[in-house]
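Working notes, beginning with the structure itself.
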C-alpha cells in the first residue's frame, strides 16, 4: 500500500488542470462560450458607439419664455366633453382668451362621441374632458404640444443644443399652448365659481427656465439598453459554468467524493478558472463603459471593481442554482432568467427613488445591486460638482456600499450553496439535518471513539446457520468488514423500497468475496453502502473497526479503500493517462509517486497502447478497465468492485482475474457480478443475496454440494450412435440419471452428486462402447448458474432446453407442457400470412408515419423550440399591436404639487424641494401665502424680495409675486430637469387665487395623450410576412431531422435489415412532418390575418394565395431537410445551426431582392434557386408584380402566377429525386425491390480469395469442404440457411505521410462455414478477432473483398426479403412503448394486421413481456430490452437470424429464459442462427456447434464437447477435508496418484489441484482413485470437473497473429503460443 494524504491544494490544482484541459479539448463548447461573450461585447461596443449619446452640457443661463398670452397658433380647434351648462359656461369664458379669437370650440355629449368625431387630421384637436367642475384633463395627439415622455429620467438631458442655443423639453408646455389652454380654462372655472375674472392675472404670467449648472446626461433608451447588456454581459460564461458544474455534480462529484475529494477543492477549481474569465470580460466591459462615456467622472478602477464583483457574485449564484436544480440546461436557463429579471428590477433605481430599506434589501440580488451601482454612477455624473473616488469618503459612500453588497452577495450565495448541498437529498441518499451546523459533532471530531454494537445491529437470523459455510481457522480473527443488521430504504414512486433487509455477515482479509444475486437483489446497494456512497438506514458497516457511516472515520476509510462503481468513472475529454493522474492526486497519492503509480497501473492492466487516447473514444471494455485502474490506484487495502469486468472479452477478463488474485494477500477484495463463472473461478467465498436478504455464503464446493443438481456427463456422438441404447446404459448404473440435452451430435445427462461411487463402473462401460458411436465424453461439476437458479426456486434442468431439443425427462408433467408449448409458439410459421409489393409499401408507410408521430410527440425539446420560435415570429406584430392598444386607450398623467414639492413637516427627500415664493409687491401677500399652504406645500418665503427665482437652481420651482395686493401679477421659474413644472405651478397659482376668494375647492389638471388609428398598419400584409416567414423557414430542422438520430442509434440499419423499403421510410416521415409544418405555416398566416387591419375579403384572398404556396413550400423544405440530414447523417444533429442558417439565408435574400431596386427577374431567379426563400418570393410575385413587368417578360399575368405557384412543387420533386439517388448509391444494399424508388437488391460479384487456406485445423478443413459442397448442390432444400465461403475483408488504413503507401488491414482471412437448418452456430473470438466484420458481411452492411455469402440458397439475400437481427446494442426508440415497436416491425416484415396481433400476443406471452407492453423503452430494465430485441429479430419467422450477444446485461435467471427461448425458436425448424458472444456459458447452453476465430481466421469448429476434449488441457479437482491435520498426508497421496498435479489454493480445509488430461484418463480410473481417497481420508466432499469452454477459449485466444498487415495478401500465417497463464 502507498501512503495517501488527502490534501486540499493538490486536489484543487488537479481539478483546475482538468478544467483547463476541458476547455482546450472541448473546443466547440469553448468557442461558443467565448464567441457569444465576445459578440455581446462587440454589440455593446457598437451600441455605445452608434446609438449612445452623452450630453456634456455647460452652464445654461436663464431662458425667458415670455407671457402666457404670447401663444399664437391658429392651426387647432377645441373639443370638450361632456356637454353641460357648467362646461358650456367655462368654455365660453375660455373663448374670451386673447389666443382663442376666431378658434372653433365644439361640444360633445361624452368622451366616446368625442373619439368618434370625424375630424380633419390636418387640424390639431385640443380635447378637454371634464371629470367635474374643478377637474379636467387636456388631451392631445401623441407627440403634439406636449412632450412624449411623462417625466424626465434622472440621467437624461433636459435641454439639448439647437442652433447655438439650448432648447429645454419642458418649454414645450409653455411655447405650444398647454399652459395657455390650462390658464384659460382655470380662469373660466374661477370666474364661474367666484364671479371674479382672473383672466388677466393668469394670461400675464411670465415663465422662465432657471439658470442651470453644468451637467452630464445620457441618451435615453440607448443608455437603458446599454445597462441591460452590461447586466447580461457574463451570461454566456455563467451559462456554461452552471451547465458544467451541474453535469459534474450529477455524474461525477459524488463518485469522486468517495475517493476522497474535498468539496471545497471542487468549488475552488471552478471558481478560480472562471474568476480569470470574469476578469477578462470585466476589463473589456470597463474599457467600453469608459470609452463610450457611459460613466464619465468615475475612475476606471471603480467601474472595473463593479463589473468584477458582479461577475464573481454570478459565479457563486451558479453554484447555488446547480445545487438546487439538478438538470444542467434548466440550471443555466434559470440563472439567465434570474439575471434578466433581477437586473431589470434594478432599473427602478434608475427611474424611481425607492425607500432606502427596500433598495438595500433588493441589493441582496446581485443583478439588482449591479444595476443600482450603474445607476448611481450615472446619477453622480449628472451633476458635474460630484465625483467618485475610492479615496473620497464624502462622495463614494453609495458606490462603496454597492461594491460591499456585491461582495456580500457572492459570499452569501456561496454559503447558501454549501448549506443546501449538505441538506438536500443526494442521488445516493446523503442528507444532513437542516440544523447540522449547530451540532458540536460537525465542528469537532471525536477522538478514539470505539464502535458500540447496538441492539438493532445484532444479527437475528439463526436459520441461516446451515446455509453459511464455517470459516477456516486461518481466517478467524481476520474479519476486515463487518456488516451488522444492515437495512437500506429508498423512496420510490409507490412508497418506500427496501433494498437491503437486515443483512449481516463478515468479509475476511486475504479472501476474494463475490456478491451474487438476481437483478435488484441489493448487490450494488451493498457496494455503495460499503464504499460510503450511500448511507444505511439502520445497522452498521465497519471496515477495520472504522464505521463507514460516521463522518469522523470517513478519511480513515477513504485512504484505504478503492472503489469501482457500476457506472464508468472517467472524464471523456481526458486521456487514459490523464484520468489516472487526476484520480491519483484526488486520492492523495504523494506528488512524487503519482507518475510511478500511474505507469504501474497502465502496465498491470495492459493499457500502455491506449494511454494517450481520449476516454470518450475508448470501447466499453476499455472504459471499464480504466475505471478499474482508477480503483486500484494507490494499491488500496480494501477493493470494492461492482461488476468490474462487465463488457470485457474473456481474455481481458482473465487477465483482470489474475491481477486480483495477485493482490489478494493481505487485502480485502469484494466484487459483485452476474457472471457466475467469474465468481466460480475468481472468488474464494461467494455470498448469495436475494431481495435484500442473505441467502447463503461459502466456497464453490460447499455451494455446489449443497444446492447443485449433479455432474454433467456430456457425450460427443457420430451418426452410428443409438441414443436409446446409451440412455439405457447410463440408467443401468445410475437409475436416477436424467437426459437433459439431445441433438445429432451430443447427449447430456445429469448424474446426482451422491452417486459418485457408481461413476467408475459407468465410465468403464462407456469406454468399452467407443464402437457404438461415442467419439468422446467428459464430465463437469454442477455450475454456480444451477446453484443460483435452485436458490431462486427454479431448477436449471427444468428451465433449460430440456425436452425442447428432443427427449425430455422431467419430474413434473406441468414443466413438460409449458416447455413444449413454448417451442410451439416460438417455432410458429407466419410466412404464409404476409403481404408484398405496393400493399406492403402502404403498410410500411402507415407504420412509419405512426411511429414518427409518436416520436415527434415525445420530443419535448424540439416541440418547445418550435413553439418558442412560433411565438418569436409574432413578437414584432404583438408589440406593435400592444403599443397601439396602450396608446389608443386614453391615459391621464396627474399634475400635482407633490410631484416636485415637499409637504409641510415632510423630511427631505430627493428630488423634492420647498417651493420658493418671492414677494416683490412691496406689501403683504399673506392671503396668497396662506392659500398656497392650504394646498399642502412646504414654502420657502422670501418676504423682502431679495432673491432671484431664476438663479435658484437648488429649487424645483419658484413663484415671484409682483403688482399690487388687489392686482397681483406672477412670474414663474422652473428647474429644466422637472418636465411638468410649468403646468404644476400654473395650477398652484390658480388654486392660490381661488383661495384668496375664500373657496376651499381645488383645480386639478391632468395631461392626456391619444394615439390615432391612422398611425398604425402602414405597410399591408407583406410587412408582417417579412417577420414570420424567415422564422417559419428555420423551423424545419427541428421537425425533419429525426433521421440523423435514427441513423446514429442504428435504428435505420435495423429497419433496412428487417426489410423496410427506403421510400416507405422517407414518405412515412413526410406523411407526418409535412402536415405538421403546413399547420404551423397556416397558423402563422391566421395570426398574421388576426393582426391585419385589412378587410375580411382581402384577408381571405391573401389566404387563398398563401395556402397552395405553403403546401408546396412545406413539402419542398421538408424534403430538402431530409437530403441535408442524409448527407450529414454521421455528424451531430445540429438542428439549431441549420435553423440559424435557414433564417439567415431567408433574411439575406429578403433584403437582397428588394423588387423596387433589383427588379422582377432577380426576384424570380432567387425564388427558384433558394428554397427557403420560395414562399416569400412567391408571395412577393403575387403582391408586387406590376403589369409593366409582365409585358417586359413577354407572358401573361396568369402564367406568371401559375409559375410562382409551381416553383415549390418543382423543388419538392427535385429533392425527392436527389433523396432517391442518395439511397441508391450511398446506402447499404436493399433486401427488397423498392416499388417507389425503384431500387433493386444489388448482387456482389464473386471474387476469388487470393490467399490459400494454408495450415488449418482438420475440423476447419472439413467445414470448408462441406461449404464448397453446399454451394455446388442444386437441391435447395438440402442447402444450409447461411453459407459463408472464403470470406476476406481488407480495409485501407491511414498513413501519417502524404506520399507513403497505404497500408492494408485484413480483418478476416478465408473464412468458410455454414449454418444448417435448425442449427445455432456460435461464433466466438476476442475483441478484434473479426466477428463483427463477418456479421457485417452477412447482413450486407459490408461488401467482402473476396468470397461470397449465400443466405438460404440465394447469393446476396435477394430472395430473402428480410433478416432477423438482434444487435448487441439495444437499437430501440427510448420514447416508444414495447407494443409500438412490435407493431412497427410486424408491419415492416409484412405481417397482416390481424395475423400480427396473434403473433405478437404469442411471442409476448412466451417471453413474459405482458406487463411491459405499454411501458416506454427508457423505463425498462436491461433484461427486458434484450428480450424485446430478440422478439423483434424473430418476428415474421425469418429463415436467417443473427444474434449478437443476445443475453448481455441480464441476470442468470433472465439469461436462462433467453437461452431457453433461443433453443425453442430454432430446434427442428427451417430456420438457422449465427450467434456471437463473449459469454462462454451462453455458447454452451445455446449452440449446437461453436467456431472460434483468432486473428481473422477460423481456429477451430465443432461441438462443445468435441472442442473440450480436443483442446481442454486440464481437469480441476477440489477436495474439502474435515481436519487440518489431514492436509499434508492427503497432498502426498494426491501427488502419488496424479504425478503431474499442480496445487492451486493453499487453505487449511480446501485443497484445489489442476490435473492434466493424461493423468485423468480414463475417467473410470480417476473416479475409482478418488473414491478410495474419500474413504481412506474421510473427505467431507470432492469434485472433479473437465475444462470449461471458457478455459478452452482462453487457451486458443493466446495464439496471436504475427503477420504484418502491410504485407502482401498471399503471405503465410504464423501462430505463436504465448506463455501460459493460470486458469
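Glycine is treated like the rest: Cβ placed from N, Cα and C.
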The annotated transmembrane segment range in Swiss-Prot, which must be one of 1004-1024, 1025-1045, 1046-1066, 1235-1255: 1025-1045
In Swiss-Prot, the member of 120, 244, 998 to which N-linked glycosylation site is assigned: 120
Of 1199-1219, 1262-1282, 1283-1303, the range Swiss-Prot labels transmembrane segment: 1199-1219
Between residue 520 (ATP 1 binding site) and residue 1330 (ATP 2 binding site), the C-alpha gap once rounded to whole angstrom: 35
Same chain, 6+ residues apart, C-beta under 8 Å of the C-beta of residue 518 (ATP 1 binding site), given in sequence order: 690, 788, 792, 1451, 1452, 1453
Assigned conformation of residue 1332 (ATP 2 binding site) - DSSP reduced to three states: helix
For the transmembrane segment (225-245): best-contacting stretch of 31-51, 295-315, 1163-1183, by Cβ pairs under 8 Å: 31-51
Beyond the flanks of the transmembrane segment (1107-1127) by at least 6 residues, Cβ under 8 Å: 1033, 1036-1037, 1039-1041, 1043-1044, 1066, 1069-1070, 1073-1074, 1077-1078, 1081-1082, 1085, 1138, 1171-1172, 1174-1175, 1178-1179, 1204-1209, 1211-1212, 1214-1216, 1218-1219, 1222-1223, 1226
Two-stretch contact, the transmembrane segment (295-315) and the transmembrane segment (1071-1091), at least three Cβ pairs under 8 Å: no
Rounded to the nearest Å - Cα separation of residue 1327 (ATP 2 binding site) and residue 521 (ATP 1 binding site): 31
Residues within 8 Å of the 517, 518, 519, 520, 521, 522, 523, 524 Cβ centre (excluding the ATP 1 site residues themselves): 525, 689, 1451
Closest of 519, 521, 522, 523, 524 to residue 1331 (ATP 2 binding site), Cα positions, binding-site residues only: 519
Within-chain partners of the transmembrane segment (354-374) [C-beta distance under 8 Å, separation at least 6 from its ends]: 227, 230-231, 295, 306, 310, 313-314, 317, 338-348, 399, 401-403, 405-406, 408-410, 412-413
Tertiary contacts of the transmembrane segment (265-285) (same chain, 6+ residues out, Cβ under 8 Å): 8, 11-12, 15-16, 18-20, 23, 37, 41, 44, 230, 233-234, 237, 241, 244-245, 248, 253, 256, 304, 307-308, 311-312, 314-316, 319, 414, 417-418
Top Cα neighbour of residue 1330 (ATP 2 binding site) in the set of binding-site residues 519, 521, 524: 519
Chain-mates of 1325, 1326, 1327, 1328, 1329, 1330, 1331, 1332 with C-beta within 8 Å of site centroid, ATP 2: 649, 1493
